[in-house]
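Chemist: Below: one structure in structure tokens.
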């Protein structure tokens, strides 16, 4: 206990010192995490899952625009680890992005501290482990960025704020799934869907075995709640719905949307949505919350359904009977695409800043670079099952790309990613995109696979301007939405279809562009966009952090760290779930300075 108190005192002292360096408007939030395996049985079969401070899912990071976030991560897994922050833009700071192109993994038994500012952002995001297919075993949690009090929110303050994680799930550990992919196999049909790390309510005695723990959301009648729903799964699009309740869409991935009601919404892997849900039913019984697989067929998929319970405080009984109906046809992609097109940017609402979101007139900016990225079903390259974009299956070098640039190490990668699909033979390569700083890039995703895909870009919110079936052509630009296409960081691409996005490359760094489907990502369907300020000023990118980890050709620069399991002070971590918001810094920053 003495050591715990001593470490807490040290952190508080350090925080007080940091307060001298920052203003009262930019407080610091500190989190201390222990990432470790625990035993759980989400679908009734005991397995190893990844927890944070003993929690699965991990703890919620709940901060406000412009706060500084400090997360000390202790890796208690038996393999390297990186944490990435889905949708958090890491302005000027790709050093903290937590992917292999920017960071060396945290070795087993080591700790590393992330430190970044959530600059000019609001909204619903999440974090997760980014390497080795680890997200398939958990390690994810919510990341909420609230508006500053001076910024109006385009809806009344909800009675409560609820976070839901939905995702397909296998009873096999991520290491077993990884082995299957390495052996050239596909992962097959998931064993089910979990909601907040728990299996389905027993709505069907045949499909759902007895004894499975399920999630219950407690609510008050007549109140409105904000539900932040994240698809943290592996590769399955899920249709989300709540029995007898409307979902009023209000925000997605940091953008306020035009508010409109849905009875259900397709949520693709990696996507996040905020709904306002009013508890306006008579509570004759509890209500089903459902997340079911979309764009699939076959009886094996009948089990891929997650069911939680919405429980009114005055409920008169348990939920029973059939689940609320999904869209008419499980494979009706046209219905889903029309639904996706209906999601629009609220151009009159303020985001993180007082000015309206629509004051950025993206439709009037001239495009300076165009990339058409085509994916196809996985193929064998050099005897290995690989996934490609434009015929390139990305291979992560041992040295992170950004570190190689920092230390002028040549030959780590090539800035030769093809702008269009080539007719050449597919290959494995470390090929990335050369983005023009302050340029305006058009990216078209062409999905020639038979499965829906979703794609994510770190470091930016892009504008979704169009999607349709068939092959994209230059004439397709005539259908683009150049006024209120929503700004977000993850977008779906339907089979046999294309999706077009526009992005302003104003954030210097090295940024991951990837398939959010874990199997495709693991098999090489990713690249990076390098955005360099040619003026070389340090005003557009933060310096390399003092605690940077070194690996690859730079490994000799790394100072040794005693693995925590072998150290003499392995029990000195701040207690589980600790969170310190250093209010004292507000006091320190307000003190007069005497010269």
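Heads up, residue numbers simply count up from 1 along the chain you see.
Backbone N, Cα and C atoms are what each Cβ position is placed from, and that goes for glycine too.
Below are the features listed in TrEMBL for this protein:
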| type | residues | note |
| --- | --- | --- |
| DOMAIN | 35-149 | domain 'Plastocyanin-like' |
| DOMAIN | 161-315 | domain 'Plastocyanin-like' |
| DOMAIN | 400-535 | domain 'Plastocyanin-like' |
| SIGNAL | 1-24 | signal peptide |
Chemist: Based on DSSP, tally up the residues of the domain 'Plastocyanin-like' (400-535) by helix, strand and coil.
Modeler: 17 helix, 59 strand, 60 coil
Chemist: Can you tell me how the residues of the domain 'Plastocyanin-like' (35-149) break down into helix, strand and coil by DSSP?
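Modeler: Breakdown, helix to coil: 7 helix, 52 strand, 56 coil.
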Chemist: Restricting to the domain 'Plastocyanin-like' (35-149), report the mean pLDDT as a whole number.
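Modeler: 98, rounded to a whole number.
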